[in-house]
Structures are given as C-alpha cells and as structure tokens.
Amino acid sequence: MACKADLVVSDQFPTGLRVLVVDDDITCLRILEQMLRRCMYRVTTCSQATVAMNLLRERKGCFDVVLSDVHMPDMDGFKLLELVGLEMDLPVIMMSADGRTSAVMRGIRHGACDYLIKPIREEELKNIWQHVVRKKWNENKEQEHSGSLDDNDQHKRGSDDVEYDFSATEGAEELLITQKRRRDAKEENEELENDDSGTAKKPRVVWSVELHQQFVSAVNQLGIDKAVPKRILELMNVPGLTRENVASHLQKFRLYLRRLSGVAQQQGGFPNSYCGPVEQNAKAGTLGRFDIQALAASGQIPPQTLAALQAELLGQPTGSRALTGMDQPLLQASLLGTKSIPVDHGVTYGQPLMRCPSNISKQFPQTVLTVEDVHSGLGVWPSNDLGVVGASSNLGGLGAQSGNILMGMLPQHQHPCQQQQQQLKQSIVPEPSRSINVQPSCLVVASQSSASFQSGKSPASVNQNSFSKGCVIDYRHLSPQSNNSSVVAGLLSDGDVRRTSVLNGCGGPGSISPSVSSCSINADSSAGRHFSGVSPNISGVQGSYCSTSGQLLDQVPLRNLGFVGKGISIPSRFAVDEPGSPTSNLNCGKIYGERNGNKVKQEPRMDFVENVKVDIPILQNFSANDLTSVFSE
Amino acid sequence: MDVVSQLQRQFVDFTTSLYHEGFLDDQFTQLQKLQDESNPEFVAEVVSLFFEDSENLLNNLANALQQQIVDYKQVDAHVHQFKGSSSSIGAQRVKNVCAAFRNLCEGKNLDGCIRCLQQLKLEYSLVKSKLETLFRLEQQILAAGGTVPSMA
C-alpha cells in the first residue's frame with residue numbers, strides 16, 4: 001500500500017528522515033539545517049521551543065526525530081525533551097556547546113537519545129537515524145511482551161463482541177489497551193500488527209474495573225517509580241494473577257499515563273480530562289447527541305449513560321449545528337448498523353464518549369476507550385481530541401475521535417467534511433460489529449483528499465502562520481505521498497481504523513491502508529496549498545484542522561492536572577509536580593548543581609527540570625478515586 | 001588571468017593565515033563544504049547571521065554587566081550562546097574567549113568579566129574584519145572571472 005504507516009523504514013531509509021531542529025541560535029540552526037539536508041533528511045527548523053511543541057502536537061506523526069538545543073530562552077531543552085517523550089514519544093537528541101560530563105549526564109537522565117556537542121559535524125548528524133530505529137524496535141519489543149492481553153486482537157472480532165457484553169469498560173478496556181499498544185507499535189512498525197495477534201497467547205486476564213482499581217491503588221501505594229510488577233502483584237493479592245499479567249498491564253498503564261500527561265498539558269488538566277473532551281465536544285457541537293441516539297438506538301448504551309451523555313451534550317453550545325442534519329442518517333445508519341454512519345458524521349464517536357458516570361469508574365479504561373467504548377456509548381473521550389489529534393500514541397479510537405471532534409469543530413467545513421465522509425463511507429469496509437466503532441481517525445481525510453494531496457505537490461517553504469513566527473517550516477522536501485504514509489502511521493496508528501480502512505487517504509475504496517493522518521494532510525495541504533486555516537476544500541480542512549487544533553489548544557486554559565504539576569515537568573514521566581512548591585523546585589535545581597560539585601551553571605529555567613530530582617514523582621494525585629470522581633459528577 | 005591568479009594566491013595565503021592564527025578552525029572548512037549549487041551563498045549567509053547574532057549578544061552582555069546587581073546566570077547564558085554560535089562557524093579565538101568568560105562568570109568575577117568582554121569584543125571585531133576581507137577577495141576573484149580556490 002502506498003500509504004504505509006512506517007515511512008521511516010522505507011526503501012531509501014534513512015533518506016527522508018523527518019527531523020525537527022530546535023535551536024534559538026539562528027546561526028547554528030541554519031548550519032544544522034544545511035547539514036541535515038545534505039544527509040538527505042527532511043528538515044524543519046524552529047527557533048523557539050514553544051513553537052516546536054506546537055508543531056509537534058499539531059503534526060503528530062510528522063516527525064521522526066527531534067534535535068534540540070539545551071539552552072533556549074523560552075523553554076529549557078530538557079523540558080522540551082520530556083514533553084516530547086511524554087506526548088509524542090519521539091527520540092530527542094540534545095545539542096549543546098556545553099560538553100561537560102555533568103551536562104551530558106543530565107541529558108541522559110532526562111531521556112535524551114543522544115547528546116551532541118557543538119560544533120556539530122555533518123558526520124554526527126548522518127547517524128541520528130539509528131535512534132529512530134532503535135526506539136521503534138524497542139517499542140515493538142514492548143508490544144510483543146504484552147502477552148496476556150494479546151488476545152485482544154483487533155482481528156478477533158469474536159472476542160471483541162464478547163467483551164462488549166461485559167460492562168462497557170471491561171472488555172473494551174482490554175481491547176483498547178491492546179489496541180493502543182498495537183497502535184503505538186504499528187505506528188512504528190506495521191509488520192507487528194498481524195504478528196502479535198497470533199503470538200504469545202496466554203490465558204487472558206480481564207482487567208475488570210475492580211481489578212484495575214486494585215492495580216492503580218497498588219501502584220499509588222508503591223509510587224509509580226517504585227511500582228514494580230512483583231510488588232504490585234503482592235499488594236493486589238489476586239489469586240491467579242501472574243506477575244507477567246501485571247507487568248504488561250503496568251506497561252500499558254504507563255503509556256496511558258504518558259498520554260494523559262501529554263494531553264493534560266495541552267488541555268490544561270487531565271483529571272478533568274474527561275471534562276476536557278466534554279468541552280471540546282461541546283464546541284464540537286451537538287454531534288454527541290446524535291451519536292448517543294445512534295448508539296442508544298443500536299442498543300449499546302445503557303440508559304443511564306445515555307442520560308448522562310445527553311445531559312452533557314444537550315447543554316452544550318452549538319459547536320456545529322451544521323451536523324444536525326446528520327442525525328437522521330446517523331440514527332438510521334446506526335440502527336442499520338451501517339458502517340458508513342460514523343463516516344458520515346465524522347464525529348460519531350468522539351462525542352458519545354462523554355461522561356458516563358456509571359461506567360467511568362476506571363480512569364484507565366476510560367482513557368483507553370476507543371471504538372469499542374464508543375460503541376457502548378461509554379467512555380470518556382480523553383481530552384486530547386484537539387490537542388492530540390492524530391497523536392499516534394493515542395488509541396486508535398482516540399485518533400478517530402479527535403478527527404471526529406474536529407469535524408464537529410469545524411462547522412464551516414461541513415461540506416468538505418461531509419464530502420469526505422461520503423467518500424470514506426464508500427471506501428470503508430468495516431466489519432459489522434464494528435460499524436459504529438469505525439471511526440475514521442481522520443475524518444478529515446477522505447479518499448478524496450488523497451487527490452487533493454496530490455495536487456499539493458508544490459512544496460514550498462511556508463512560514464506557517466498557525467505555527468507562529470520563529471518557526472520556519474520547510475516543506476521543500478515534503479511529498480504528498482510520503483507524507484501521507486508517514487503521517488498515517490503517526491496519526492492513526494489505529495489498527496482498528498486501519499483495518500476498516502476508514503481513513504484511507506491514499507488508497508482507494510475499501511482499502512485498508514493506514515489512514516492518512518491529518519498531519520500529513522496538513523503538511524501537504526499547507527505546503528501545496530494556501531494554508532489559510534480555513535478553506536473549503538479538503539486540504540483546507542486539514543489545514544484548518546491543524547491551525548484550529550493548535551488554536552484550540554492554546555485556548556484551553558492550563559489546568560493543573562495535579563498529576564502533571566505545574567511546569568509540566570514529569571521527571572519519571574509520572575511525577576506529580578506540586579504546584580505549590582516552586583521554591584523547592586528551584587532549590588532542587590541548585591542542589592543538583594551543587595551536588596555535582598561541578599558548579600554546574602544554573603541556566604535559566606533549569607529549575608523545573610530539576611523537579612526530577614526532588615519532587616516526589618509519585619502519582620499522588622493520580623488515584624483511581626480522583627479520576628473516578630470526576631466522572632461521578 | 002594574471003589578476004585572477006594573483007587574487008587567488010592572495011586568497012589562499014590569507015585563508016591559510018587565518019587558520020594559522022587561530023581565527024578560524026576546521027569548522028569553517030566544514031561550512032565551506034556545505035556550500036553547493038543549491039546553496040551557493042551558504043557561507044556568506046551563515047556568517048552574516050553570525051554577525052547579527054553576535055552584535056546582539058555583545059550588547060546584551062554589556063548591558064548585563066552594567067546592571068546594579070549583575071545576574072551572572074544571565075551573563076553566562078549569553079556567553080554560552082556566543083560560544084555556541086562562534087564554534088559553529090569556526091571562529092576559534094572568539095570561542096576560546098567565551099570559554100574563559102564562562103569561568104569568570106562562575107567565579108562571579110565582575111572585573112574579570114568586564115575585561116573579558118572587552119577581549120571578546122576585540123576578537124569578534126578582528127574575526128569580523130578578517131571574514132569580510134575574505135569575502136571581498138572572493139568577490140574580486142569572481143568579478144575578475146576566476147573561481148574561488150577551494151581550501152577543503
């Protein structure tokens with residue numbers, strides 16, 4: 001398939017490796033850019049870290065590796081490093097003129113894949129691809145390790161159905177977890193998709209709500225840093241549960257948390273993340289309502305959920321009333337179980353995943369809710385919709401929902417969206433039971449869009465407004481095709497979606513190629529088109545999508561997740577940075593420096609990075625109860 | 001042709017001396033290697049970026065050191081930046097002064113810093129004029145119809 005999710009491992013690898021360079025020193029930036037070009041990489045430069053983050057968020061899956069300077073005025077390089085690792089899980093290579101061992105050590109501690117000392121030579125850059133490959137392979141290995149949950153193969157519909165019969169969260173959660181993992185891996189390596197389903201079949205452990213809560217409280221008790229499977233197992237004291245079960249669940253949980261924190265940062269607060277999506281959905285409009293109806297009609301939503309959802313939705317502002325007209329078809333479609341429903345609406349699934357108090361006892365499953373959950377009308381869509389649209393790391397459903405939400409959010413693009421949806425509908429070959437679940441991750445991407453992409457071939461160096469000044473996006477090397485495929489991986493990485501070939505930006509009808517993520521679309525459309533944020537054509541939609549999401553992100557006030565404390569410094573990825581301890585952070589920073597005995601210079605804005613050291617990186621605020629309570633509102 | 005060869009020889013001699021005297025180091029050669037048909041003005045472009053950047057940094061440094069209460073962290077940050085950019089283009093002597101400057105910042109040695117800043121300004125203006133001379137020579141060669149000798 002042309003739209004192979006895994007672009008990096010393409011024929012000409014490492015040619016075409018997509019690199020994002022962040023450095024406030026324009027001289028260095030220019031030199032690096034030139035060097036990277038000579039390595040045949042696709043370079044995007046950015047002189048501001050904040051702009052870089054926005055870029056990465058908006059175009060998830062559009063980059064393979066990030067090169068960042070350590071010392072930058074608007075954001076410490078290490079912070080950027082952490083954020084990228086959390087939100088996008090991309091390899092980050094640090095650069096600095098500071099070659100002291102302590103500095104390099106710091107880079108390693110923060111999770112940098114590599115640390116280059118300036119002045120950087122071209123030869124050093126030639127090899128950065130190894131970090132991309134290494135990371136992918138490690139993730140793939142991780143994927144393979146999740147034996148107990150491997151049964152939740154997306155391909156196995158039977159099991160999916162069975163799980164549905166449980167409470168909405170149980171099986172779905174399982175599925176989602178697996179799918180999520182799958183997606184993560186798939187995003188990197190498409191081959192894994194099919195491989196894992198067959199391998200490592202162990203007696204499946206169903207992580208029920210109760211079980212998961214036990215798990216979470218055990219983790220909290222131990223502290224996320226110290227939460228090792230063995231100890232968790234002991235604390236949980238569940239007969240029949242193996243350490244391996246716990247280990248794989250823990251892995252997933254960690255990934256989930258990472259997504260969370262990433263989302264939280266964008267959305268300004270995760271625990272309320274369930275609120276987040278709601279808000280977003282609100283903006284998206286009434287889509288949810290219809291979805292709920294549809295779902296209810298299909299008998300998937302328990303009455304209380306439905307009520308909750310409706311209450312939620314009805315009270316929301318009109319995001320995109322334009323979609324109202326879609327009710328009928330949606331409802332009918334859902335009744336008929338037609339797959340096209342989701343497509344048409346594009347927002348079907350995002351919305352329904354509103355609060356479902358009854359079902360939102362587990363935060364984990366909630367977050368992980370994907371298509372399956374949508375089906376049951378349960379599941380709160382983890383906020384990320386906009387912020388992390390197309391985040392590859394997101395569950396497939398998430399991706400889809402993001403797309404959905406987006407659709408809702410862009411009323412002005414109704415037509416093009418609908419158009420796309422129509423086309424998608426036709427091109428979708430979803431399985432019956434999944435009809436409603438099918439969520440084009442990127443509704444925005446219609447098969448038609450591939451055409452538009454094609455037209456967007458004229459790469460141009462565009463200074464993307466949506467990204468803001470200081471960020472020069474060089475699309476010179478972007479090509480619609482490659483972008484699509486690569487982006488697909490990034491954005492969708494949803495086996496589910498893929499299989500249903502919902503978003504086949506590149507392929508023809510019924511093709512099950514990885515959907516093209518809106519990222520690529522944006523890139524392409526931006527590059528080739530008039531990236532004006534709002535344009536009536538498909539590419540325009542994507543473009544607007546991009547910009548919109550970006551804008552929305554900005555608009556979402558940063559709420560303190562608690563889980564992700566201020567400064568969004570997550571040392572061990574789960575650290576909770578208490579908001580009220582700025583001084584401690586500072587002190588920590590200094591202490592760190594002094595401890596080194598090297599009189600490490602405290603660069604500005606280094607303190608928060610030091611949180612890693614001192615803050616108690618335990619998910620203190622992150623407890624099952626907390627999140628649960630959010631839903632019980 | 002005589003004019004061209006003469007200019008070219010001048011160019012080569014001058015460049016060699018720059019390396020010998022430590023004004024430039026291998027990194028500058030790297031830059032020249034990066035210049036190609038698709039980026040024919042690369043070196044000139046980067047060097048002018050460097051000039052701009054440097055002038056800002058020097059101003060910032062001067063301001064920072066003139067404060068009532070000197071923020072050495074800030075000063076160090078500037079110096080660090082300067083060090084990075086000068087090393088990137090191969091301005092070796094400037095880079096060395098920056099390294100010395102950082103130590104003075106650590107020691108919060110105000111006098112030392114001020115003196116170092118002077119030295120930095122001096123080195124910077126030296127390398128700047130050297131590079132400008134170099135570019136002028138290049139232009140002259142090209143204007144005379146010759147090609148610029150590759151020093152790589």
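Glycine is no exception: its Cβ is also placed from the backbone N, Cα and C atoms.
For A:140-160, the entry in TrEMBL reads compositional bias 'Basic and acidic residues'.
Annotation comment: TrEMBL describes A:187-196 as compositional bias 'Acidic residues'.
As annotated by TrEMBL, domain 'Response regulatory' applies to A:18-133.
Per-residue pLDDT, averaged over the domain 'HTH myb-type' (A:199-261), rounds to 79. Residues annotated as domain 'HTH myb-type' in TrEMBL: A:199-261.
According to its DSSP assignment, A:Asp69 (4-aspartylphosphate) is in a strand. Marked as 4-aspartylphosphate by TrEMBL: A:Asp69.
Per TrEMBL, region 'Disordered' is recorded for A:140-161 (among others).
Per TrEMBL, the feature region 'Disordered' maps to A:177-199 (among others).
Note: the domain 'Response regulatory' (A:18-133) comprises 54 helix, 24 strand, 38 coil (DSSP; helix = H, G, I, strand = E, B).
Taking the Cβ of A:Asp69 (4-aspartylphosphate) as centre and 10 Å as the limit, one finds 26 other Cβ atoms among all the protein chains shown.
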